[in-house]
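Visitor: This is the structure I have questions about; it appears just below.
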Amino acid sequence: MAARLLLLGILLLLLPLPVPAPCHTAARSECKRSHKFVPGAWLAGEGVDVTSLRRSGSFPVDTQRFLRPDGTCTLCENALQEGTLQRLPLALTNWRAQGSGCQRHVTRAKVSSTEAVARDAARSIRNDWKVGLDVTPKPTSNVHVSVAGSHSQAANFAAQKTHQDQYSFSTDTVECRFYSFHVVHTPPLHPDFKRALGDLPHHFNASTQPAYLRLISNYGTHFIRAVELGGRISALTALRTCELALEGLTDNEVEDCLTVEAQVNIGIHGSISAEAKACEEKKKKHKMTASFHQTYRERHSEVVGGHHTSINDLLFGIQAGPEQYSAWVNSLPGSPGLVDYTLEPLHVLLDSQDPRREALRRALSQYLTDRARWRDCSRPCPPGRQKSPRDPCQCVCHGSAVTTQDCCPRQRGLAQLEVTFIQAWGLWGDWFTATDAYVKLFFGGQELRTSTVWDNNNPIWSVRLDFGDVLLATGGPLRLQVWDQDSGRDDDLLGTCDQAPKSGSHEVRCNLNHGHLKFRYHARCLPHLGGGTCLDYVPQMLLGEPPGNRSGAVW
């Protein structure tokens, strides 16, 4: 028995000591002292529009009151600020100062569509924000619908880009977490919000809709229930897929090197030396005179939390570097931002017996449905493309010698070349009969031939002779030779016409040795190419409704 007690005592000594709760109830005298609120206390209980992810700046929940009726309050010891005692508002509970802080690591996410950017922007929402609402925008199996984050700055940036050209998107992110807490089950409402609710009609219909929309405009659609506070740096880079293909690069290669450069700017060197060296080799190979983030600089950057007013991009900005990053990290415990959070719709703050609760629920549901954005995936792909088996909203190509699976040309100068009409007149090939004429056509190592027009000095060939995909600038002249057919081995060449082809439709006239020639040809640059010889990069703009439409914009 004694041995058992001794063993139990040893085991108890080996157990970790209980961590003291950081918060305690303080007496009236201690509460009257000049204590600050816990950092970021005002962030919980604030209104948010879930479609734009914009904080409204208005507060449905009152986070200013901290004294109980008996004069006591809750004070919390902030280990991240030298154990300073700080006030916890009555509306908040379960406050914790987390020790995880910042990891010096850049995470990357690759997306290929605007709705994927919207989903990525809304990933900070850690719960199902739709609970209790009826959000049913344009229900159909061939439509991709986005609501949360659909009007966020990142989604608007991506939508604008995808209407300008073919893009892929890459997000580099650094996150830090320092504090967590949440709003109590039945929080005190802010006096202004109470007054706004009091002004609402008891029912929601077409005539009362403006009053409810006014409330949503001021307060948002949801309030923040629980938070994780700290900081986040995110850089969303837009990459022109086909321009990269013409430069002999893939979006994955560029994204890898962007992440490497971001890691260097936050002070990571040793563990990525091999990757950094590989990126330097790529720069030399492709004759790049600037860094990857300077070369590919179509970017939307956001910094959440901390002091950063002079630097808006801490990963790729001109002034970005380890010192600036460390200064930002050091400012986060005193000035944290919203990293992750849960949301609840505003109507749950009203009493279940209040008729305005159901009216507000219906107003929120209607507003969110109207704000949804979608992409119609039932539209057919352009000629030469097909639906992706992985994503019915994406059109892809069969990879070939001249195009990638992303439907991008593999090199500059590519065009489709065809001769569409040939006419000759005044030919003289035989002494005693009219000419038996045919035409040979040459370009880029190819030879095509017309049929023979018998016994005619003024023949016409209304045919299409297609050279297919050619290199317009380097394929040599487009050469037409007019021949008089005899026995086949001693045919007579009546003349040659050479023309350096240019993009577009053209008519050419030539004088032959024995007659005259006229022909028409058409050279069409492959998509994303332009200029006289198709050497220029040309963005491919999307047809259809541009982004930014308030109600149901199509992506």
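Just so you know, glycine gets a Cβ as well, placed from its N, Cα and C.
On a predicted model such as this, the values are computed, not experimentally measured, just so you know.
Annotation comment: Swiss-Prot describes 1-21 as signal peptide. The domain 'MACPF' annotation in Swiss-Prot covers 27-375. Under the heading transmembrane segment, Swiss-Prot lists 129-149, 257-279. For Arg214, Glu344, the entry in Swiss-Prot reads site 'Important for oligomerization', with the evidence type similarity to another entry. The domain 'EGF-like' feature in Swiss-Prot is assigned to 376-408.
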Visitor: So if I measure Cβ to Cβ from Glu344 (site 'Important for oligomerization') and keep only same-chain residues at least 6 apart in sequence, which ones fall under 8 Å?
Guide: Trp129, Val131, His222, Phe223, Arg225
Visitor: Restricting to the domain 'EGF-like' (376-408), what is the model's mean pLDDT?
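Guide: Overall, the domain 'EGF-like' (376-408) comes to a mean pLDDT of 85.
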Visitor: Under a three-state reading of DSSP, tell me whether Arg214 (site 'Important for oligomerization') is helix, strand or coil.
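Guide: Reduced to three states, the DSSP call for Arg214 (site 'Important for oligomerization') is helix.
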Visitor: Tally of helix, strand and coil residues over the domain 'EGF-like' (376-408) according to DSSP?
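Guide: Result for the domain 'EGF-like' (376-408), in helix, strand, coil order: 0 helix, 6 strand, 27 coil.
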Visitor: Could you tally the C-beta atoms, other than its own, that fall within 10 angstroms of the C-beta of Arg214 (site 'Important for oligomerization')?
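Guide: Counting Cβ neighbours of Arg214 (site 'Important for oligomerization') within 10 Å gives 13.
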